[in-house]
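Undergrad: Before anything else, here's the structure in question.
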């Protein structure tokens, strides 16, 4: 017999011949009714048992007898609770489309966790490597496929796209063809082939350099993408790489975190996320376990905290698909590169003009019969010179003119910036600073003001409770009334975002995780007061949580214990005190908090703060008539439980770092959320404030956030330079400070670690986020991440920033010296004699020394402490200072004078032929650049060899250059169009080139006014 529902509209048929009143019929009806009731009852029992099994994850007891259940199609995805039975492709669209229906088909979050074998209390088993490997194989890794990096060949093609290189290559190919036709393959390939080889050498060296820098930027990009994620494995909170997150992991989220993968909300309070990166909508979305339990990878947590269970990773997430199709521009043009490109363009125009003049003059002289060959015969004789010879001569003249353009255009300038930025980024990483935006490297060198946090940056971030006060008495040995301690432990254990992990079966010290303040208070509660977190949480029910707010500087929680509801508050001592009307004495008695008692407790807090202690107060209230519909916790008429003082010692290296900044003309301003007494004590200890001799002057340097906020714009503008310390500040106050400083012309660097610091970090010229305590939102808003949260590393970044700027100036001075000398020599020689002393191949070799090798040698100088003995460079100051003009013009004048003498009188001086004379000119010119490279190392210092042993790359490049020069002179005669030189001639060349050293020394003795004093500039007061 089977039971089924009657279809709508179906009429019960009754046999007309059957009488309802017959006993047989009545008996049949009664049997059917009893059978129906039994079936209904059995169905209800089966449904109830099924719910209990599903809710409690109990195994179904099986026997030989069984119940066959007809399962509808689509429900066969969950089998035996094994995660390999779950299709990753079915989990992915559930979160991406935020489908509650799809989640319901999986049986809800708890059922899905069972299927994925995830313990919602303890997470995955972190010790089971087999399980972790199985999840990785089934669901994939949390990585997305990147677009392939540019291959080396692409950089070679880019180098060949240069118009001058293409023209030169065309001339070389034609020269090669005519040469082979005229002289045969054995002798005819030299001139054209030499130029082609030289071009390829320049192109390949440039491509290799660019390729290596691209790879370096890619590596740094990978490092910046490798953020740390807090997961729960084996009941223990631990930080792992975002790439190690697996499906089934429980991830702990807090304000500022980036959601590392797609997942489902497990538990938490007041969670809101910013999904603008995915949807474009700026409204923050609330996530809970009812209406919207879905969390998308790549979104940011803006409020609350929670635990999520990962359901999709890597390419199975929408974020993975988006990022895999986006190519990040790693080599963005920096402001300095833009300025150098303009300078390159200007010099290029001058070079092009000179090249055109040389081209016209040489053409006129050739076709009018004024030029002679090596034998002294006129090159062009009407009716006698072959067409091939004419074409070769014309091509040689064009190639020479084009090569002059190649040498004149300092394309090495942008390359030098790229090299020095890449080098500094790599070195800064080892100095605990990760550069996220290239422009920050150079901008940091111009910083005039650094606005720094206190906790963790100026201090060690190793907080410890050193004082405990109940009422007006200091508690020693934690000897307070049991009532007070019980309430205090509840406030410590429940009103926190930290956790305590106790390894089972061991007597080791519990592991405490959370923010430094949370860790210090929890450690004190567990170790000193005997707090047992698990027992405490089992004995109560959390009703509502108000997460810590940087504006209110407090956090709260309401919980039910038995029939009573308690509200606990924790936060900045004076903030909590303002909401209290009673306080507990050490004996456990409640006393009214009148004006006198309030003043006494406030004095205690100030006294603690003056000892550099962070003061945290705890307050409590028992709510007799709770209002569940209210959105905020009750915070009036609280009872003060006690005040603790946390000591966070200053970093030992901070005082010297602050002193270095002052010597460098950089102002340091401390912006902190601590009260003014704590902040003042720390500022004096760090050297930001001097030990007060005149309190009135010191008071001008200290302001509270609310006071600064309420200033009129004119008052803020007037006071901002004097301020050295801003206490009890909000993120908005920090932003206001940055905006005011920038209005006064300062170049501002700002440190920040919280989500709310993001506006100030973006507004600043250089945003510096903290790598340890910084949230992902803060890091993404910053330009540089300080990996060790140490202020000394901020000073290191300042030093590197100045080094970048200084290295660029060194290279500019070196390159412009070569440009000026080469252009003047070729121009004068071409106009006066119709000949240029340097061939195309020789000029290309000079170009290689000047651009690529010179950039490598000078752009990789390490920073010195001497860089911090000068005031910062202004925003609008020119790249080429009077000091640089003095140095480069002196060297260029010497080189031009000597080389022109050799050009016109070299044959008689050395009693040699034309080819040897040209070889001496070429050799002297190259060696002058090599010796002048040493001069370029120091713009103002006379000792150019100082610190030379530390730059092995510089020494190596000088050595390589000299070796190749010897090869070109002695062994590659046909390739470089040179002749071998004798020992006397080599000695003469070296002697002439070495004179650049004493000339450089003498020139630096000539006093020259700095550009800084000649140009109108807003004055920035020194610290």
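The backbone N, Cα and C atoms fix where each Cβ goes, and this holds for glycine too.
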Undergrad: Can you say which of 316-342, 370-396, 397-423 is given as transmembrane segment in TrEMBL?
TA: 397-423
Undergrad: Under TrEMBL, which of the candidate ranges 112-131, 132-151, 192-211, 212-231 is annotated transmembrane segment?
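TA: Feature transmembrane segment in TrEMBL: residues 192-211.
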Undergrad: How do the residues of the domain 'Cation-transporting P-type ATPase N-terminal' (105-180) split into helix, strand and coil according to DSSP?
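TA: The counts are 47 helix, 3 strand, 26 coil.
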Undergrad: Rank 192-211, 347-367, 953-971 by Cβ pairs under 8 Å to the transmembrane segment (840-859) and hand me the top one.
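TA: Comparing 192-211, 347-367, 953-971: 192-211 has the most Cβ pairs near the transmembrane segment (840-859).
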Undergrad: Can you give me the average pLDDT across the domain 'Cation-transporting P-type ATPase N-terminal' (105-180), rounded to a whole number?
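TA: It averages 83.
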